């Protein structure tokens, strides 16, 4: 576990200062930030979160309020700030006692469906840096998370690597039947953050997992999946190239 701990994703090699500082214009809310109040950060005219902080999956583009917003001066906490506030639930790193699986994360208390677990935080890096690190750490576990989106019909990829700098999110294991999922959130800037939310109610002591995605690897290079769920696909999802 030799890495630098950070609270949220930071810019790394391959990400220009201009791209990282491409921020949204903030809202001018003087009261609660909600769709009913006309908060400009809620561009879908739908609240991103319920009053008790659960994710509203009807929101197609999740933009949280930020330091550019007038609501930062409000005496009460803005309802449209969840991912940026970090984990609010007790999370525990533990040894899974399986050498191939290593460490994992479990719930230290009950987590309700839709509640925020943690961000998958690391360095936001460029494609060339992804490929360079893949060569440098060849044979080691690959921590890089590829966030895939489409804008104007064109694919856009964001790479988050917590190998050197990261948070507890780097320890969440894969499951073919996960209790968590990744939802992209924009925390005042165009570059998204990876928020991990509970897909269903989770009991204390239960391991937290999300689905790493579909595999593009066939044959001998595949690794066995150890999730032990009834829907197990037998092999871990793996990309054919570092930037997929």
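Heads up, the Cβ atoms here are built off N, Cα and C, so glycines get one too.
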Same Zn(2+) 4 site per Swiss-Prot - residue from 176, 180 joining 225, 227, 232: 176
Matching residue for the Zn(2+) 1 site, where Swiss-Prot names 27, 29, 33 - out of 39, 85: 39
Those binding-site residues of 27, 65, 78, 176 having Cα within 10 angstroms of residue 39 (Zn(2+) 1 binding site): 27, 65
CB contacts for residue 103 (S-adenosyl-L-methionine binding site) [other CB atoms within 10 A, all chains]: 13
Rounded distance in angstrom between the Cα atoms of residue 176 (Zn(2+) 4 binding site) and residue 170 (S-adenosyl-L-methionine binding site): 18
